[in-house]
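Here's the structure, in structure tokens; my notes come after.
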Amino acid sequence: MSQILTTRQAEELHKSMVAYLSSLEASKSTAALREELVLPDTFDDATCKKYAGLLEKKFLTCSLKANPSKDNGLSALQILDLESKVAGLQAELSSLTLTSRSKGGQDPDNWLPGPASTRTFESHRDAITCIAFHPIFTSLASSSEDCTIKIWDWELGELERTLKGHIRAVTGLDFGGQKGNTLLASCSSDLTVKLWDPSKGYANIRTLSGHDHSVSAVRFLTSTENLLVSAGRDASIRIWDVSTGYCVKVLRSSDAWIRDISSSFDGKWLVAGGRDQAVTVWEVATAEQKSALLGHENYIECCVIAPPTSYEHLATLAGLKKPPAPSSSCEFIATGARDKTIRLWESRGRLIKTLVGHDNWVRDLVFHPNGKHLISVADDKTIRCWDLSQEGKLVKTIDNAHSHFVTCMRWGPSATTDVETTNGVTNKGTTKSKFQCVIATGSADSCVRVFS
């Protein structure tokens, strides 16, 4: 027995030696060494695989200690250690689900925001115009009429950085882009759309020019990697390829200011609403307008396409015998306007319900991921929760959510995974949602609040 190694260390070394020979497919040598070392019966082929590569790593570690790199001040051993830690963190991040990051003990499906915010962020010098959650990290972006964008850590309650580049009010934000390469898009009254790269310290990597007036809203097309949509006061909807910066399509139906846009979960449909009191429905592939929703009596401030989780409840409201298939997109739409109402529509143009309760302009809407609730904010300083399973009944009101108009709202990041059927085939139309119980609101009081 070696006097340097303990019994356990010697046994680990012997196992790694056998695993090394086994990986070389040297069966005779492996068998001979096994017999010579008298390894226990529990060291079977499956256990042997766990030791694969261990001997090489030990040799490399010793080699690096003897020959440190002097190129960048770090030894090669330190670099190896850092690479190992990075790999471990990446594995941990991959295994972390969105729901596991929510507070334990909550029932996400029935969660609604409470009367008190958990975080209040104050740094902007003018009204908040839009907010957006990073899809993976606990970063929250806010835009303001003070011409800046601020990035917050909404869990720690810290301001991470301030982005400057726009020269007039920043009016819209959205995170999106290729998987693993998330970008932040912003739009402004300075007629531009800007792209910021979080992986490069939120460097402004591209500016998209083409609008002839203030840009009001910007959205990444869901389920596409490179397409971004913007709309504005020049009455146009522009679709951009963010990888090239080129405008690939321009949609236009009237001369009215477009205030908001929304895309379907599969990126095939767009809806837009604005000053002409109409909501238009567009097919992205053909750039054709498919329908117009008419009924509001003042400017439309917000529009959102209903998720498939809401189809069951909205189909009942619409008097349908059965809900549309979950794989279909843009079946129902919710809109909010300066006429103080929220309207629920079939995408073909039929009004199915008008929700009345706000005392001022309705500024933003978001569907609860469970599909059962619709949440709204307005210039009456309230957050209101509507139960679609009870014919759109108002079930909760948070008064004085802010000290001034509540201008915008977003739900925290959600993820959906395809559900496998019993025969193992993936059903693209049936998804399982994982989401966090958190929403953020912005206000004309220059504050951002987080409810979680």
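Each residue, glycine too, has its Cβ placed from N, Cα and C.
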Coiled coil range according to Swiss-Prot, out of 76-101, 128-153, 232-257, 258-283:
76-101
Sort the residues of the repeat 'WD 5' (295-355) into helix, strand and coil with DSSP and give the three counts.
10 helix, 23 strand, 28 coil
Non-local residues, at least 6 beyond the ends, that sit with Cβ under 8 Å of the repeat 'WD 2' (166-206):
126, 129-137, 139, 141-149, 151, 212-222, 225-226, 228, 230, 232, 240, 242, 245
Could you tell me how many residues in the repeat 'WD 2' (166-206) are helical, how many are strand and how many are coil under DSSP?
3 helix, 23 strand, 15 coil
